[in-house]
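What follows is a single structure, written as structure tokens, with notes after it.
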């Protein structure tokens with residue numbers, strides 16, 4: 001733990017502190033549920049960041065893995081009476097398998113073609129869930145999905161359970177980023193030729209990144225199902241996939257912290273819009289889609305690297321300037337001293 | 001001396017145009033073989049085939065007696081062939097140290113899970129990679145730049161970084177594609193000295209280069225290509241005196 005703190009520094013400490021106190025400082029218990037949903041989204045977006053920001057593979061079907069995870073655990077626990085913990089494990093494995101098969105099938109695709117293929121996959125999954133009525137309950141969905149028996153399953157204990165998972169996913173991804181595998185992902189993103197000539201099996205590592213992101217999304221989906229207690233196919237479509245993408249891009253694709261911060265930001269903006277809509281009657285319906293679309297356009301135009309990398313580079317420049325000024329001062333001071341001595 | 005790399009009747013077509021035509025040559029253990037020729041002679045194409053970047057249209061490449069034409073590109077590094085690139089292929093958003101650490105990929109094997117959990121094996125390998133990378137950054141004179149982002153380095157230093165990245169895993173054959181391009185005279189001289197050291201430490205070099213000073217000082221043997229065909233092979237002295245080479249290549253310079 002000490003080592004971890006040293007490695008990730010103050011940022012990690014601040015994250016843990018904020019995460020723990022959040023449910024208590026917010027005035028309303030309602031915000032616990034907001035925190036839970038943000039946490040669930042963060043698990044997905046951190047995974048998406050690995051595949052998109054690090055390995056450079058666009059995915060427009062992340063909500064589909066989320067949905068497969070949700071329905072896997074929901075069906076296993078509701079129809080077959082398995083424990084939610086077993087369901088949650090399956091909710092990581094089954095989407096992982098789907099990601100593996102899809103990843104193998106589209107291994108040769110790049111850029112637009114990969115985007116199209118994952119988009120199509122997203123549609124197929126959502127339609128599949130809607131039509132497979134005997135198992136998934138079709139468009140009307142499923143009800144009375146059991147809660148996760150974690151400290152009584154209260155809202156607060158769910159909040160901590162989910163943020164514990166977020167923390168695990170975050171640490172796993174940060175470790176990965178600064179490892180042989182993470183560097184292989186980043187190398188592929190910059191130059192596939194150079195990566196290959198360094199001995200990196202490009203298609204294998206792309207597939208790995210894809211499967212991990214699918215598994216993260218699946219775990220989040222499983223937790224979502226047990227938290228909500230009801231499921232229908234509506235949230236697992238393109239709209240949600242684009243929302244995940246927006247979160248990652250705003251925070252900064254190349255940064256794991258960026259994915260988390262982008263997710264939190266979009267979560268709060270969402271809540272802000274809901275509050276606003278109570279004051280301004282015109283602001284109802286799909287306003288959030290318009291706002292997120294607008295934010296995405298602005299970010300891509302003016303800050304393509306995203307928030308976190310931008311802030312980091314501004315901070316580093318300021319530090320460098322400070323150091324330079326200090327050096328100049330020290331030098332001129334020395335000169336004055338020398339003059340005084342002569 | 002034993003043959004390390006053997007190229008036989010190697011050909012490559014690009015949409016009906018024969019870029020490389022039935023080229024034969026060998027690289028022996030412990031030598032620097034230079035591949036020269038006028039622009040468009042097919043030197044880079046040969047290097048790309050020998051490094052597994054593009055497959056040959058016909059012919060055979062054997063490395064340490066192993067046929068290589070069916071071997072996938074990513075296995076070359078592990079077998080002991082690494083390379084640098086004419087138009088730099090660096091990982092700009094990584095630090096210089098990380099760039100070189102990527103070169104150790106084939107010498108390590110931690111799985112994704114092991115890396116994510118930061119298990120003992122991953123930690124140990126990470127340390128090994130760092131140690132070797134630091135050592136090679138010292139060798140090429142980039143020790144003080146290790147924490148800088150590669151994207152912020154000047155051209156000449158990036159070339160050195162690519163060499164460190166290619167050498168860090170201790171290959172048996174190093175392929176260099178115009179390493180002196182864009183470098184000044186002092187930098188070129190330093191680089192020549194480094195290549196001789198690399199050769200003397202046991203790594204053979206196949207060098208594609210335009211800088212004649214460099215080639216004539218460090219190459220043990222030279223193969224000359226013109227319009228995709230081999231026109232001469234020999235020591236630097238023999239090549240300088242070869243009338244066909246002078247006609248095709250050096251002649252234009254001596255006018």
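Going from the start of the chain as shown, residues are counted 1 onward.
The backbone N, Cα and C atoms fix where each Cβ goes, glycine too.
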Can you say which of A:289-308, A:309-328 is given as transmembrane segment in TrEMBL? A:289-308
Quick check on the annotations: TrEMBL lists transmembrane segment for one of A:88-107, A:188-207. Which range is it? A:88-107
Can you check which of A:112-129, A:130-147 TrEMBL lists as transmembrane segment? A:112-129
Of the ranges A:218-243, A:244-269, the one TrEMBL annotates as transmembrane segment is A:244-269
For the record in TrEMBL, which of the ranges A:12-27, A:60-75 is the transmembrane segment one? A:12-27
Spatial neighbours of the transmembrane segment (A:158-177) far in sequence, C-beta under 8 Å, 6+ residues away: 4, 8, 15-16, 19, 23, 32, 35-36, 39-40, 42-43, 46-47, 49-50, 54, 147-148, 150-151, 216, 219-220, 223, 227, 256, 260
For the transmembrane segment (A:244-269), the distant same-chain contacts (Cβ-Cβ under 8 Å, at least six residues beyond its ends) come to 11, 15, 34, 37-38, 41-42, 44-46, 48-50, 52-54, 60, 62-63, 166, 170, 173-174, 177, 288, 291-292, 295-296, 299-300, 305-310, 312
Cβ under 8 Å to the transmembrane segment (A:112-129), counting only same-chain residues 6 or more beyond its ends: which ones? 57-64, 67-68, 71, 98, 102, 105-106, 136, 233, 236-238, 241
Which residues, given as numbers and ranges, are at least 6 beyond the ends of the transmembrane segment (A:12-27) yet have a Cβ under 8 Å from it? 4-5, 35, 156, 159, 163, 166-167, 170, 260
